[in-house]
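Reviewing the structure listed below.
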Amino acid sequence: MSIKPIQYHDGICRMIDQRLLPTEEVWLEYTDYQGVAEAIQTMVVRGAPAIGVAAAFGAAFGARDIAADDFAGFAAQLEKVCSVLAATRPTAVNLFWALERMQRIAKEHCQQPLAEIKERLLQEALNIAAEDEQINRTMGANGAPLIADGSRILTHCNAGALATGGYGTALGVIRAAVESGKKVMVYADETRPFLQGSRLTAWELHRDGIPVTLICDNMAGALMNQGKIDCVIVGADRIAANGDVANKIGTYTVAVLAKEHNLPFYVAAPISTIDPALADGSMIPIEERDEAEVTHCAKTRLAPEGIGVRNPAFDVTPARLVSAIITERGVARGDYRTSLAELLAKQD
Ligand SMILES: CSC[C@H]1O[C@H](OP(=O)(O)O)[C@H](O)[C@@H]1O
């Protein structure tokens, strides 16, 4: 059973501290929105869908603590709670999707007593968490046919159960392929600088008994050139209307290499990761994180002091490099403006 990184029980949201994996499995407890916001910003919890799930619980905790005489006052304070959570990380659209859904639910129940609205919001956060895992299982079933038996699959960063409400997106497709009886092996890019691949993907796949081999990011091209990789599958943090994909920094590099070696490059993401309001990837905000993530590894300094450092946490892969976008509503190919719009228009 793949891990659920966010678990709620009796007023407490427990999240595994992904900064400490793979060496320590430490679960932190959260009961207020400020704590959840810090957990998202410091990457205790990370991964686009998981960030949305965590933010939903943060909004529910914030709503629970609002003292207001009427709905207008409640809604104004809920807006402030959601703005704090929205300010944590800019790229993953699932964060904003989840917060908008929580505020929409509040408005839909504005005639009810505030106590009932607060209960309803907690239930909505639980719904978002449960739905996400089911969405990933459906997405996995949609994507598994694309994975041939015996495939050697390269993945970048962690788009697994740890990045979601459970089961994973890119790793969910891999899990579904394995569960359908296919034998696969996975090359996991270490994914500098935060090392989601070596610390999280390798841990998660090894824990679940799926063969995984860790490689440095600079090895992917050579392995492709030696004919040792059959396809690539990654997650996404935001997909523009034209199919441009924002994902962990280094994804674009892998996509260019895959194109050079005529390898399929798949993206697996829930519909909530598509942002139809953005015409193309140039409009996707790219988070720049603290330079210490680049200059240090744990407490060990890796570079001299006083030098310039960049740490863009994401990059954008143009749609022309993307072979297919796998979602819970089906697989989009070709002209993504049309094929993504068709998936968005479909009902679940
Ligand atoms: C299932 S989407 C996961 C997505 O999020 C990761 O970014 P981060 O670890 O910084 O939250 C990475 O882009 C993954 O592909």
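Backbone N, Cα and C atoms are what each Cβ position is placed from, and that goes for glycine too.
Among the features that TrEMBL reports, substrate binding site is placed at R46, G47, A48, R89, Q196, N247, K248. Residues or ranges marked as site 'Transition state stabilizer' in TrEMBL: C157. TrEMBL lists D237 with the feature active site, proton donor.
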Rounded inter-Cα distance in Å - A48 (substrate binding site), C157 (site 'Transition state stabilizer'):
12
Substrate site shell beyond R46, G47, A48, R89, Q196, N247, K248, criterion: Cβ within 8 Å of Cβ centroid
I51, T91, A92, C157, N158, A159, A163, G235, D237, A313, F314
Substrate site residues R46, G47, A48, R89, Q196, N247, K248: biggest Cα-Cα distance, Å?
17
I want to verify one value. Collapsing DSSP to three states, which class is Q196 (substrate binding site)?
helix
What's the number of neighbouring CB atoms sitting within 10 A of the CB on R89 (substrate binding site)?
22
Using Cα coordinates, what distance in whole Å links D237 (active site, proton donor) and C157 (site 'Transition state stabilizer')?
12
Around the Cβ of G47 (substrate binding site), the count of other Cβ atoms that are within 10 Å:
30
In Å, rounded, how far does the Cα of R89 (substrate binding site) sit from the Cα of C157 (site 'Transition state stabilizer')?
17
My understanding is the cutoff is Cβ-Cβ under 8 Å with a sequence separation of 6 or more in the same chain; which residues meet that for K248 (substrate binding site)?
H156, C157, T191, Q196, V234, G235, D237, A313, F314, D315
All chains considered, the count of other Cβ atoms within 10 Å of the Cβ of N247 (substrate binding site) is 29
In the three-state DSSP scheme, N247 (substrate binding site) belongs to strand
A48 (substrate binding site), number of other Cβ atoms within 10 Å:
27
Count of other CB atoms lying within 10 Å of the CB belonging to C157 (site 'Transition state stabilizer'):
29
